[in-house]
Amino acid sequence: MKLRSISNWLQNRATDVAVAMLTVMFLSFILQIFFRYVMRNPLGWTQEITLTMWLWLVFWGAAFMLKDRDHISFDILYLAVSQKVRRIFALVSAVALVAGFVASLPATYDYVEFMSIRRSSSLRIRLDIVFSVYLIFAVAIIARYSLRAFSLVRGADPDADAGPEPKV
Amino acid sequence: MTLPFFLCLLTLLCLAAIGTPIGLSMIVSAVVYLFMRGQDLGLAAEQILQGIYSSFIILAVPLFIVAANIMNAGTVSERLLNFCIALVGRFRGGLGHVNVVASLIFSGMSGSAVADAAGIGKIIIDMMTKAGRYAPGYAAAITAASATIGPIIPPSIPMVMYALVSDTSIGYLFLAGIVPGLLMGGVIMTMNAYISHKRQFALEDPVPLREFPRVTFRAFPALLMPAILLYGIYGGATTPTEAAAVAAAYALVLAALVYRALSWRALYNLMANSARDAASVGLIIGAALIFNYIVASENIPAQISGLLADLDIHPLVFLLAVNILLLVLGCLLDATTIILIILPLFIPACRLLGIDLVHFGVVAVVNCMIGLITPPYGILLFVINGVTGIPLGRIIGAIWPFFFALLGALAVMILSPDLVLWLPRQFGYQG
Amino acid sequence: DTVTLRMSAVQTPTDVRSVVIEEIFAPAIADFATYEPHYNGTLFRQGTELEAIARGNLEMSITSAQELSNYFPEWSMFTSGYLMRDGRHQINVFQSDIGEEMYQIVEDAMGIKLLTVIYLGQRHVNLRGDREVTTPEDLSGVILRMPDADSWQFLGRALGANPVPMAFGEVYTALQTGAIDGQDNPLPTVRDSRFYEVTDQIVLTSHLVDMNFLSISADVWNSFTPEQQDVMQQAAYDAAEEIYVRQSGLENELATYFESQGLRVYTPDVDAFRSHVQALYLDSQYAQDWPEGMVDRVNAVPGEE
Ligand code: NA
Ligand code: NA
């Protein structure tokens, strides 16, 4: 199906970006150690790059890479109930997440925008830009769980979006 | 308890119970709290963003995840663990013993239990479950239990935090953790030996003695890694957080250049998997930071100290009561929250009752680490569930024997300050 | 009914600032305001308190010149080495029209009122090993931990060292293992954090008179009557004076204490450090943001002598 292949393509590009972030984070940390201990002349900007990439990796990954199964969750009760009850559970989850993230979105936007008054310590990047990844994350969560709520209402299997089976 | 705080906890418990991702549930219940208190709803984003952006120590987590995945993909960990198997694998429950011994070795390079579980823990779980030799729940449980040793044997991030709030010496605290850490390793191995005999776990084929040189030679570059890291930290080359990056870099060189067991494709895949694991663990650590704000904002510490103010009790009774309270809180709160917010409440009382603060610190940190494996809020359980996919129910079902074994070790530490303080006293501690 | 003033601070409850503010400031304002301190950065994280006050999420905090210079480049003047001569000079500067002008910048832009400067002590260089430090050249190649902000890192370079940012909680272990060669802090911090256990010498460079500022939301301040404002302002000054007395008394005792713990405590060629550091600052981009003639005005204010 065409829509499915577009979605896969996007998923793969999101993974490329995450891999790039993790690689940059790792390399800049190694560079920092090399300059500190081998060259005895520490660089100022490596720590900031490392932390920024880590922040982006967490929210970018949580927005675009994590299926429901990848998230850390307490699934004892969920796995024990019938398919029908699971659908209700999944629907309540999705609605609660959409409600919570929508309700806090305006204030969250306001906070991120407010942070333009400050720049990062070494590279002087405006912090609203650094923190904007949280907005991307919040919007992605709202979109993903809205779609999930609609498909559940229309009778979809609650475990369809769950990703691969447990790796056990 | 105020109504907003109650509703916040209720939301969290309900959402978590029906299987909503824990990190997202925490963010939503924090929003409920802020709304009920009439506070800025943007504070949830503020706390989680600033928390992750400023905490350099947490970086050890993704870096150890990368290191673990490289070692896994590049046969490094297998060679290393094959050596351990040759060493102790012949005993019943051998891989369980290997697990604990490896934790003891690796605890010397990391200050964080979460990093231990996500790193070496994942590798050993994969080995233990590979041929169906151990039940996934049992493998995960013994891994979680032995990961609690990580921050007891130095270096230790929680000990550093305790030293800051209690005005005690970090050097002596580190020394005081060594004997208790070995004791914890001992009780877990004893429990593993007992369960293995009772359930007749399959025996590994004993490795013949003449195989020893070959196994050792194959593992030698890998065996050097913990040695390099231990020397790095104690010999002055790196800080604990940096040790994580060095571990990953060394594993990469070993896997790609020395063992030639890593293709570009495999490298890409392991980075993608690491990114996914790091995001799911990072989200929950970040979300826990919002709860630190809520607990502080509710001024819960002041309420507790008010309760304790005019109690006149024996030091031992006090110590036991505090530990029971900490165990209960450990079911609900993050160890960082307990150390930074709850422990300072008891420190004045300890001084008053003549309880040694290094002893108290070690006991309290051990208690907090046990709290990492107690449901419903046990971050080690979540992390292992996150990186291996083993269902929480199975992990929790198998954790109890180890929980009680560790509880026994904790009781010994509470009752015998001399055991805890013996090593620091050898180095001049006056207490 | 009193207003609750939530204070978010990164120091411990036993820190002299915490103790004195609770002993002197809190009771003085008790008639109209309840002081509710949160220590160890548990309410708001270090470096985020000013934003929290500006956004109406917090009432009070203790901030620093380095923190303020993140928002106001003119404030970087007070992060420069060898500007203030001693604690008395510092208090006099901020109680003069200089303080008034600089405080007004912060109040206008962020809605934060700075009540008073708080003396934190003279910062000195605290090192491992037995190298003899007389001039900035002797610090060449020394890996010196400085707090994580560009203004601090610049000060470290100006002293002649190789500065490196590192979380405060990591410093003890890093000194113990030799990951860093030294750190800079006032003497009471060297004692409280037990850095003397893992270092060998203290070079009394006195490169910075460290300062904090007691700050309060301007909205909250404006909700008080003029009489209440007077009471609070006086309470802040009284607390600051007591902190200065205790802190400087402690500094005088500690040099002897560290010597008894086996450390070498000695004074380098401070004039050589001063001229080297001041020259670098005046040449730097920081100095371009400093208000015209302000350095001379600061120099003209009397100090301890
Ligand atoms: Na450790
Ligand atoms: Na727990």
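Using the three backbone atoms N, Cα and C, a Cβ is placed for every residue, glycine included.
Feature annotation from TrEMBL assigns domain 'TRAP C4-dicarboxylate transport system permease DctM subunit' to B:10-418.
For B:7-36 (among others), the entry in TrEMBL reads transmembrane segment. Listed as Cβ neighbours of the transmembrane segment (B:7-36) (distance under 8 Å, sequence separation of 6 or more from its ends, same chain) are residues 43-44, 47-48, 280, 283-284, 286-288, 290-291, 294, 376, 382.
Residues or ranges marked as transmembrane segment in TrEMBL: B:48-68 (among others).
Within its own chain, the transmembrane segment (B:137-164) is flanked in space by residues 57, 95-96, 99-100, 103-104, 106-108, 110-117, 121, 124-125, 128-129, 170, 173-175, 177-178, 180-182, 184-185, 188, 192, 195, 233, 240, 335-336, 339-340, 343, 361-362, 364-366, 368-370, 372-373, 378, 380-381, 384-385, 388, 390-391, 394-395, 397-399, 402-403, 405-406, which lie at least six positions past its ends and keep a Cβ under 8 Å from the stretch. Annotation source TrEMBL lists transmembrane segment at B:137-164 (among others).
TrEMBL lists B:170-195 (among others) with the feature transmembrane segment.
What TrEMBL records for B:215-237 (among others) is transmembrane segment.
Taken from TrEMBL, the feature transmembrane segment applies to B:243-262 (among others).
Residues or ranges marked as transmembrane segment by TrEMBL: B:274-296 (among others).
Within the same chain, residues 158, 161-162, 165-166, 288, 291-292, 295-296, 300-301, 304-305, 308, 353, 355, 360, 363-365, 367-372, 374-379, 410, 414-415 sit at least 6 positions outside the transmembrane segment (B:316-345) and bring their C-beta atoms closer than 8 Å to a C-beta of that stretch. Sequence annotations record features per position, and here TrEMBL assigns transmembrane segment to B:316-345 (among others).
Annotated transmembrane segment per TrEMBL: B:357-383 (among others), in sequence order.
Same-chain neighbours of the transmembrane segment (B:395-415): 135, 137-138, 140-142, 144-145, 148, 180, 183-184, 186-188, 190-191, 195, 316, 319-320, 323, 362-363, 366-367, 370, 373-375, 381, 384-385, counting only residues six or more beyond its ends whose CB sits under 8 Å from a CB of the stretch. Sequence annotations record features per position, and here TrEMBL assigns transmembrane segment to B:395-415 (among others).
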**Asked** Honestly, do the transmembrane segment (B:243-262) and the transmembrane segment (B:48-68) touch, with at least three Cβ pairs under 8 Å and pairs 6 or more apart in sequence?
**Response** yes
**Request:** Considering only the recorded stretches B:48-68, B:274-296, B:357-383, state which has the highest number of Cβ pairs under 8 Å to the transmembrane segment (B:170-195).
**Result:** B:357-383
**For the domain 'TRAP C4-dicarboxylate transport system permease DctM subunit' (B:10-418), mean pLDDT (0 to 100)** = 81
